[in-house]
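Written out below as structure tokens is the structure these notes cover.
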Amino acid sequence: MRPFILLALLVSVTVAFNIFRDEVVPEEQLLAVRRTTRDASDSSSDSDEKDDAKTTVTDGSGSGESPAEEQLRRVVRDVDEEASGEGSGAAEVTSVPVRFVRSVDAEGSGSGSDE
């Protein structure tokens, strides 16, 4: 009976993992959003104000995008606004979110001693 329970648990975890993986936004979409926001931030200040007004209208209008895409656009826009306020030394978003993180043993951790 125990092997059947373990098999059922394995199958349910596999199904849940596949469902979660399908909901992740593909890397190409993330890069496209980043390029669009960078191009918009390079334009003049007058058009930036118009772009900001346009994006707030489309965000609330239910443009047919998934909630993950809308949230991603908001995050990228917020990062660009913060970067433009910090000046020339501002950091730029250059990578996509990490989907899986493997545990890494940092120097000194896991040794169990305080020396």
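Placement of Cβ uses the backbone N, Cα and C atoms for every residue, glycine included.
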Ser61, Ser95, Ser103, Ser111 - the residue Swiss-Prot records as O-linked glycosylation site: Ser61
Between Ser44, Ser109, which does Swiss-Prot record as O-linked glycosylation site? Ser109
Going by Swiss-Prot alone, which of Ser41, Ser88 is annotated as O-linked glycosylation site? Ser88
Given the signal peptide (1-16), its same-chain partners at Cβ distance under 8 Å and 6+ residues beyond its ends are none
